[in-house]
Amino acid sequence: YKLSVSPEMDIMEYCRKEWRGNTPVAKRMRKGYEAVAQKFASIRRIRGDNYCAFRATLFQALSQAAQLPNWLQSEDLTMLPENLLNKYDWIKQWQLKRKPGKKTGEISDEIKEYLILLRKKWKNISEIKDPIEKQEACDKLFKNEEEEYSLYEALKFLMLNTAIELYNDDKNGRRVPVFSWLLFARDTSSNPCQLMHNHLNHIGHTGGLEQVEMFLLAYALQYTIQVYRLYKYSTDEFITLYPNDPEEDWPVVTLITEDDRHYNIPVRMCQETML
């Protein structure tokens, strides 16, 4: 039994424990943590198993959710797996967690269940007004492995749907965000089918999210993901926003990374800070 999200700990205490030496890297990390500590008092460690970007982002989004996002309220949401499978035969090769080679009907039913679960959990948590109770509900959800991993499958499928929309928009001459070109400029993902086979199917199994996929996650959730990238301290990229030109009405979640591979979360804002 592993904790998905560890209890909170003072940021600077955590930093002193992790980065003791006097190497340039350790000094830079300490400076980075000091900067984060200007805004946040504590840190919560996120379990690292190739799902940590999903886990950190979703945990933060649910922790501060005051309402159900519009896209989650949409009637079409639950029809999405069936509709996409009818249009794109290759989605039959979608890799469900620990369930390779399921029949098509089952894939669509199963993903539909995951999307319904995501809506239900988000709705229930967003309706809790008391911050302590809300936090307890989040902690409880992220201790339930079965549910937690089902939610990540839902997020992955939403990313695929977003990628298909962006790809089609670009093909039809509509304006797309720059990251979308980068996403499909990779040899391994020149179209949504390759993206699924070579990237999305592997997330959580053999790899985590790459930088360009963080943009895709942000677009799928319609959230701005603000990341303190500690190894980039004292450069322009120390605080990176996904997307870098966010929509004004998108809520913001904040994560911390030391290496762009593993993500933790800062909690307890010291003062109201504006983006």
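Note: Cβ is positioned from N, Cα and C throughout, glycine not excepted.
A TrEMBL annotation is a machine prediction, not a hand-curated record.
TrEMBL lists ASP49 (among others) with the feature active site. Non-local contacts of ASP49 (active site) by the CB criterion (under 8 A, 6+ apart in sequence, same chain) comprise GLY204.
Sequence-distant neighbours of CYS52 (active site, nucleophile) (same chain, 6+ residues apart, CB-CB distance under 8 A): ILE46, GLY208, HIS262, TYR263. If you look up TrEMBL, you'll see CYS52 marked as active site, nucleophile.
What TrEMBL lists as active site is HIS262 (among others).
Through the fold, the region 'Linear diubiquitin binding' (206-212) approaches residues 50-54, 179, 182-183, 186, 199, 260-262 of its own chain, all at least 6 residues removed from its boundaries and within a Cβ separation under 8 Å. What TrEMBL records for 206-212 is region 'Linear diubiquitin binding'.
The annotation site 'Linear diubiquitin binding' is assigned in TrEMBL to GLU237.
Long-range Cβ neighbours of GLU237 (site 'Linear diubiquitin binding') (same chain, at least 6 residues apart, Cβ-Cβ under 8 Å): ARG229. The Cβ of HIS262 (active site) has 18 other Cβ atoms within 10 Å, all protein chains considered. According to DSSP, the region 'Linear diubiquitin binding' (206-212) comprises 2 helix, 1 strand, 4 coil.
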